[in-house]
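My questions all concern the structure below.
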Amino acid sequence: MAVEGSTITSRIKNLLRSPSIKLRRSKAGNRREDLSSKVTLEKVLGITVSGGRGLACDPRSGLVAYPAGCVVVLFNPRKHKQHHILNSSRKTITALAFSPDGKYLVTGESGHMPAVRVWDVAEHSQVAELQEHKYGVACVAFSPSAKYIVSVGYQHDMIVNVWAWKKNIVVASNKVSSRVTAVSFSEDCSYFVTAGNRHIKFWYLDDSKTSKVNATVPLLGRSGLLGELRNNLFTDVACGRGKKADSTFCITSSGLLCEFSDRRLLDKWVELRNIDSFTTTVAHCISVSQDYIFCGCADGTVRLFNPSNLHFLSTLPRPHALGTDIASVTEASRLFSGVANARYPDTIALTFDPTNQWLSCVYNDHSIYVWDVRDPKKVGKVYSALYHSSCVWSVEVYPEVKDSNQACLPPSSFITCSSDNTIRLWNTESSGVHGSTLHRNILSSDLIKIIYVDGNTQALLDTELPGGDKADASLLDPRVGIRSVCVSPNGQHLASGDRMGTLRVHELQSLSEMLKVEAHDSEILCLEYSKPDTGLKLLASASRDRLIHVLDAGREYSLQQTLDEHSSSITAVKFAASDGQVRMISCGADKSIYFRTAQKSGDGVQFTRTHHVVRKTTLYDMDVEPSWKYTAIGCQDRNIRIFNISSGKQKKLFKGSQGEDGTLIKVQTDPSGIYIATSCSDKNLSIFDFSSGECVATMFGHSEIVTGMKFSNDCKHLISVSGDSCIFVWRLSSEMTISMRQRLAELRQRQRGGKQQGPSSPQRASGPNRHQAPSMLSPGPALSSDSDKEGEDEGTEEELPALPVLAKSTKKALASVPSPALPRSLSHWEMSRAQESVGFLDPAPAANPGPRRRGRWVQPGVELSVRSMLDLRQLETLAPSLQDPSQDSLAIIPSGPRKHGQEALETSLTSQNEKPPRPQASQPCSYPHIIRLLSQEEGVFAQDLEPAPIEDGIVYPEPSDNPTMDTSEFQVQAPARGTLGRVYPGSRSSEKHSPDSACSVDYSSSCLSSPEHPTEDSESTEPLSVDGISSDLEEPAEGDEEEEEEEGGMGPYGLQEGSPQTPDQEQFLKQHFETLASGAAPGAPVQVPERSESRSISSRFLLQVQTRPLREPSPSSSSLALMSRPAQVPQASGEQPRGNGANPPGAPPEVEPSSGNPSPQQAASVLLPRCRLNPDSSWAPKRVATASPFSGLQKAQSVHSLVPQERHEASLQAPSPGALLSREIEAQDGLGSLPPADGRPSRPHSYQNPTTSSMAKISRSISVGENLGLVAEPQAHAPIRVSPLSKLALPSRAHLVLDIPKPLPDRPTLAAFSPVTKGRAPGEAEKPGFPVGLGKAHSTTERWACLGEGTTPKPRTECQAHPGPSSPCAQQLPVSSLFQGPENLQPPPPEKTPNPMECTKPGAALSQDSEPAVSLEQCEQLVAELRGSVRQAVRLYHSVAGCKMPSAEQSRIAQLLRDTFSSVRQELEAVAGAVLSSPGSSPGAVGAEQTQALLEQYSELLLRAVERRMERKL
């Protein structure tokens, strides 16, 4: 049937082509074919069906076909066997259909210039291709004669093509005016029907004409007469079969099943929902056979109707409820028993197998069920599978545990995490998991357990799939989901980090959550446990907030250290042990690599930097090869760079991708260190030889970028996960597996040699130097920085495979090994040069850890064993293990409800209320219903034997469990007589003007015909295709890094109903990986999830860092412990639930950052309000001398994020006005203006300060030490970063006692004192809606205090205050004083100004005429504030002057107030004189005169009263 090269042109080209060209091309083709055949796709765990058009069934063999990314999965429900067709074009499969004989499969794809392809099902090869669409193929169908194929394009294409695929010509074509969702051929092949938005159209084929004409003819179409249903969205259509072959059935999104007659008239319809139910409001799909009509509806409902009269027959059982614990569903009663108030996924696709009477259903949580419907009253489940419904972010293989009795999961298990907010435990081996605590469930043969992170079931549904009940995008949190997972080396703990920055640890034995802490302010990109060979039990978490937290897993995950050298997102962090030292390596989007060495620090361990390497490209991922000698880093320029861990030098570089476009996203080495696998943003996977850099295999099949990869422990598989929600299990070639196992055997041989020459040690080591790591912690490693140009280092790199020195040193090292080593002692490079012939050894005994698991799940590789549940050895293992964990395992925290008083979390982490333990999934031991004898593999590489057929394994419900409904609940309705005749009288004029007519309606009218799904019909034409991703991933310039990251919601990972997978849907890379570099560039904020409170470790660390005058080493757990627990406050402070929005009630709207760099005066405004509102803090005198004007700028803090906090603090601390002012003055005294000791401003230390990474970028040639903050020259103040933390309400931070030094920043500015103008120029108008009554208790007094000193700062000028202990200017000016800028405040006479430097002069004040008009409201507010402030001043003076034995400080306060009163009186007299001496004025001036007179009169009365009372007391 092959038609490739069948045209005349191609035949001539083949004849004229020379044999040499043919030979060269065939060699290149063979090379490519050889690379792609090394690794084969064995299993797909995922489904990307987007509607009824994406699911098909072979009517003869029963094969079910569905898309999974760029792969078509051919599934046999009877044998549970998969076959795969890979789309070599790398375009997502959107629609497919079988030919009537089942030999061929037609597929449609998305993207630009998509193709309709015909595949040979048996050969899995392409036989024909048509490329006549532009923007995606919506649906395809074979004609019953298999002669024609109909394909319909997406809305922006709107082309209907009839293709004679064997001749490779389009015989008929036309356009449609509406979005088409489905197509169906009539049984006699005379017409086909398309359905869509307000669209049912019948297209007629004249076979006599199309067969005679070789050119394309117009396709004739007639619209269906919809009558009163013309405004509906028809989601699916199916032509009748058998006796109803002349009828056409379709469903609407509103839940109607309609029947059209052969005259295209709407004959009758029935409402799919019954009277008493509200769950089936939406219908998605339909499937029609001779006996049944199946309608897929919302909430997992499938209705069965009789096609002859549309009478209701029955309702199929619903699938699992959302949030079901599948490990507990081990019996049929658990599946078919309804759960009260449960929510079920929608049915989005149906296909019927008439031979077996099986109905396959796909639901919008990406699950698939096959139901046996031979008896509609007793429906049984044949097969089911549950998959991730959104992007899969990470995959981890369950480690090989030395003591198999301590293993929590069976061998070959792996763990994935996803944006659907679940962590899933998988095991694809054919043998059962009955030896573990988890039994096989009846819902999935591959899925062991689902860990639901929270109770939100909305994340389990794919909202991009069709459905009328789509969730509002504003209600969905775009950062929901688990971003990274990691399993502890002993297999007991599972750590996970979500996209909100929360770190969780689950205990795998009971699958209960044992720890939950808000560790970061942004998503956690990487988690890593240290190996036991390091002697440490550490967990490192790295985040987009550029911080690394190191937790001690052996001490209940207490915080050991926080590292902040990186200046951007950290993409990877790894532990290693080399040269007797424990190392930590991290890389990130700031193009830096840090090599750190562990040092003993009291009871814990601290990491200090030893090497710092900077490259010119973003570093996306890193892995350490098994010998821990070298680390491989995947870079943005598609290169893999190999670094020596001990020296930090680059040793090798090779290309990590076969393509010329894209970016390396992930790198992963195999267990032996021979191969390294890479994933590129062009969606391709490659495997390279680690020593030579030669590509040995390539793979493709994912429709989105691969976000994670792992080799299996048995060296037989590579598991890849992707943004398309699919998991691919790849089978490696036999020679690759042999080479890896041979390398592991050589390592075991060397390990045994080391054992004979050295005493054994309780420490388990895997290399000559690993066991020494705990005792060889460096007291102070030498610092180095490799920031030279990359070319120089690479030009002098050493060829590691050609170094015989390594082999010699290896032999010496082996001779001195004092403890047993793991089979990963030496790198492949060293082994390849050792020239030792070690054959493929027999597996080691069970006591020796090797690549083969030993214990209760042992699977012999040679002999054929028959195993069953009746085996005595298996029965013994069914009893729960009561043995204590091994000594090297992590301490297991009890999984019960945890209290706030646990020591570890008191000292380092914020205590959290933990959930009660989940019930164990294990059920009481019982014999299975079916005993299968499963044979094991014969040899290592024999294909898995197929499981036994399951005719008897269908799960049926109890008779009482089957829901029955009265047929009368579904009433068939028909249009009234004359209705259709009145609307459509049969004249052709009405048909010509039908909205569905392609001939009479303008092409652009389709934009008005899809109101129900506006987002589905929109499509961006921006060329962002991943195929040309190299242009999108160009390294940003330094200036570009200043741009703010705009990361929107999560990009769609599945297919979208009604719109193709065009470039706007392929922004996955740009949204989640390219933004790693731009998100945390200097001057741009790190995009942080919105929280009502910020309790994360990162926030507390950044808050504490603000108190450091110079950059110091990161705090240990003891130093951070002081800030870990906020003070207890009344519940009135109001913890707002997460997701309530950016602003708390009464909080100001967000202030947009200015385009220019904020001035230092604006920068100072971050510190002062915090200092003033913590007057009772114990100030640290040791830091007075090192204080600087900007040393208090805190990291990750916005200039306008303090406003809601300030109001919150003011509400918590509400003493009497006199006491409040006295406290403020005490705060002044503690914050007096002292310049730095050297007379120069110290460098600022805010969140955007130059980190080690950014300094290395600025100056690559200098050698940077650890104390980079000790710079003598004054540094330019870094611009204030408007962090998204500004969106948070910060009540918890308000109670932390800040260790801020006493000296106030020298010469504070007006912008520093106003809580309203943070982030704005002083004269900028206030945004409307801001509460103006903020801080009335302080504001006027503060202004009077400042006026008493005679300082009236102008915009962007500085005010010099007294350098003494009392600095009245260190108060805040009122809100009202900023309505028109500080010019409203009249300055005092020059002779009365006590400061040596005057900020303004009387003549500098603006005239009244040049000012905007003062409103009455403003004036009244000013008067009220003035009265309140004077009262407060008087009360304060009375309280101070009334003391019989005043202290020196009280005497100073009294003198200060007297001077202030005198100064204010003189000011008012001067103002009154100016007003009286002015000539006739305008009406506006008259109002000003009245105001001034009123103020003068009132002030004089108050002052006289004060003087009288003072005279009485004196």
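The backbone N, Cα and C atoms fix where each Cβ goes, and this holds for glycine too.
Per Swiss-Prot, repeat 'WD 2' is recorded for 132-173. Annotated repeat 'WD 3' per Swiss-Prot: 175-213, in sequence order. The feature repeat 'WD 5' is assigned by Swiss-Prot to 342-381. Annotation source Swiss-Prot lists repeat 'WD 6' at 387-436. Look at Swiss-Prot and you will find 519-561 tagged as repeat 'WD 8'. Residues or ranges marked as region 'Disordered' in Swiss-Prot: 748-804, 880-925, 951-1256, 1299-1336. The feature compositional bias 'Acidic residues' is assigned by Swiss-Prot to 789-800, 1032-1048. Look at Swiss-Prot and you will find 996-1011, 1113-1126 tagged as compositional bias 'Low complexity'. According to Swiss-Prot, the feature phosphoserine maps to Ser1198.
I would like each feature placed in context: is it buried or exposed, what are its neighbours, and how far apart are things?
Each residue in the repeat 'WD 5' (342-381) has a pLDDT score, and their mean in this model is 92.
Secondary structure by DSSP for the repeat 'WD 8' (519-561): 6 helix, 21 strand, 16 coil.
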Could you tell me how many residues in the repeat 'WD 6' (387-436) are helical, how many are strand and how many are coil under DSSP?
3 helix, 18 strand, 29 coil
Helix, strand, coil: count each for the residues of the repeat 'WD 5' (342-381), based on DSSP.
0 helix, 21 strand, 19 coil
Sequence-remote contacts (6 or more beyond its ends) of the repeat 'WD 5' (342-381), Cβ cut-off under 8 Å?
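Distant contacts of the repeat 'WD 5' (342-381): 46-52, 54-60, 62, 64, 66, 77-78, 279, 282, 284-287, 289-290, 292, 294, 296-302, 304, 313-314, 316-323, 332, 335, 387-389, 420, 442, 457, 460-462, 465-467, 469, 725, 954-957, 959, 962, 964, 1054.
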DSSP on the repeat 'WD 2' (132-173): how many residues come out helix, how many strand, how many coil?
0 helix, 22 strand, 20 coil
Taking DSSP states H, G and I as helix and E and B as strand, how many residues of the repeat 'WD 3' (175-213) are helix, strand and coil?
6 helix, 20 strand, 13 coil
